[in-house]
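Per TrEMBL, the feature transmembrane segment maps to B:21-38, B:50-68, B:75-94, B:100-121, B:128-145, B:165-192, B:226-244, B:264-289, B:301-322.
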Amino acid sequence: MTAILTLEGLVKNFGSLRVTDNVSLELRSNECHALIGPNGAGKSTLINLVSGSLGVEKGKVVLDGTDISSYSRPQRALAGLGRTFQITTIIPGFTVLENAALSAQAKDGSSHRFFGIAAAEEALNEKARRALAAFDLGHRQNVRAGDLSHGEHRQLELAMAMVGDPKVLLLDEPMAGMGMGEGRALTETLLTLKKSTPMLLVEHDMEAVFKLADRISVLASGRIVATGTPDEVRADEDARAAYLGSEAS
Amino acid sequence: MKAASVSNPETVQQSKRIDRALLVGLALILLLAIMPLLTEFAGGNYVLNLVMKAMILAIAAISLDLLIGYGGLVSFGHAAFLGLGSYVTGIALAEGTMGALPILGMVVLVCGLFALVTGALSLRTSGVYFIMITLAFGQMVYFFLTSLSNYGGDDGLTLWDTPQLFGFYVFQNGSGLFYSILVVLALTWLFVGRLAQSRFGRVLRAGKASPVRVETMGFDIFQYRLIAYVIAGVLAGVAGFLSACHAEFISPSTATWQNSGNLIIMVILGGMGTRNGALLGALFVVLIEEGLSLITHEWKLIFGPMLVLIVLFARGGLAGVIDRLGGRS
């Protein structure tokens, strides 16, 4: 399988603290690559470096053969990086449909249009409805997004990320704050999703990680200490010492 | 493009709310349009002048609402554009340029450029820093205007003429000026209302709630905010042009931070990010201020608590109150 996303020697410092230390990894087509590690290991920082929320100090981010290291966050999104956040970010005052339609709008020509009613653009709404239906939110499309439950916020965020058909999906702790039932349902959704969209997943829920991931990288103190299939990582001494401990057995 | 489905009850309710706001706005503009007739019976020119002043400030307030209400950008220097617009008009007239269109062109150019440069710097900050930097730019304009000794300096400048439109003195005080102001107000109200609902407006409104999310979708929110800032600056500049024609006088005090504060009060009191809020807020503030000052010298003692009560208890400002009253009927 060819790599759709390649990170080459990424370095990031916060003051004198090196939070990302020469990290290299590959995300292959139709693969879920999970990043695990203790709190403060630099997982979310790495996702932020890839999505452009943080600037890279050294190293390269290559998406589908294009070096996007110098791209801004919006440019990276348009290049094909979709993402969700540890703390869900949606537009609470918009309806569920309008949240997804706005995401569709981003990939649909110019938004510097000063006339015409955006909410009445049926082509955008149709794309949005399809994405919402895929995440079981079709029946909630006219509800104010701020009134959704936490689990539904997560689903909406995923739907928003998927509306634009991203080349790669960056998921930052999608299970955070979810109940067991909601978490399992989301895992099933992601299992379906990974068949069409490669994903880089940061997650603490090891049950979900081992179910979803084709490969896992273990981060500790900003460095990758182990990479491999779930079985390889389970058996890796460094990985167990850094993070997995008894959970892997 | 087909119209969006409105079969869902919540969508129907939202659509009704928009229609109601449109009707209220149109009714207000219609009421303003018959003001010259009404003032024939009561108040005369004094009331008509007051209404003109309120309408000019309403144009500036609507433009500020584009920033505060839709963009989440609390500019504390918006009166600078009023000042610039009125000074460009006054200086052009003093230097012998009489055509309204060339003067308006200069107003648009000066205010647009000033907004572009100051916006490009200010919009790199956010929150309280944005408030402070816009205040600083506003004060910079104020002190610049006071330094124009050839044009009255601190004292301001009386205008002995008004601009002409195709040879006619339509901007001279009277019904010509009244309806010119009304037309600009109606167009500004319509334009900002439509802009908020457009693709551009949707990105701007979303950026108010979550700039990070909007950028993650692929929108460069800085660009959208800068364009909104320039549009708002130009509209306020046009209000400054009308203000100079109406007052037949230009003064640096137009650009003070107190005036910027007044515009913010109008927007908040009327209801931020609503179709009619800024319009209602401006009319309310000017007319109530004047009405109270006729009753007592200490009118601010009544006006202050009144503002506090409205902000505390009238959620969504005056537009919100009207919306709720309409919802009950």
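The backbone N, Cα and C atoms fix where each Cβ goes, glycine too.
Note that TrEMBL annotation is computational and uncurated.
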- Message: Applying the under-8 angstroms CB criterion, which one of B:100-121, B:226-244, B:264-289 scores highest with the transmembrane segment (B:301-322)?
- Response: B:264-289
- Query: Any contact between the transmembrane segment (B:226-244) and the transmembrane segment (B:128-145), i.e. 3 or more CB pairs below 8 Å with pairs at least 6 residues apart?
  - Reply: no
- Run the contact check on the transmembrane segment (B:264-289) against the transmembrane segment (B:128-145): 3 or more C-beta pairs under 8 Å, excluding pairs closer than 6 in sequence. no
- Taking B:21-38, B:50-68, B:128-145 as candidates, which has the most Cβ pairs under 8 Å with the transmembrane segment (B:165-192)? B:50-68
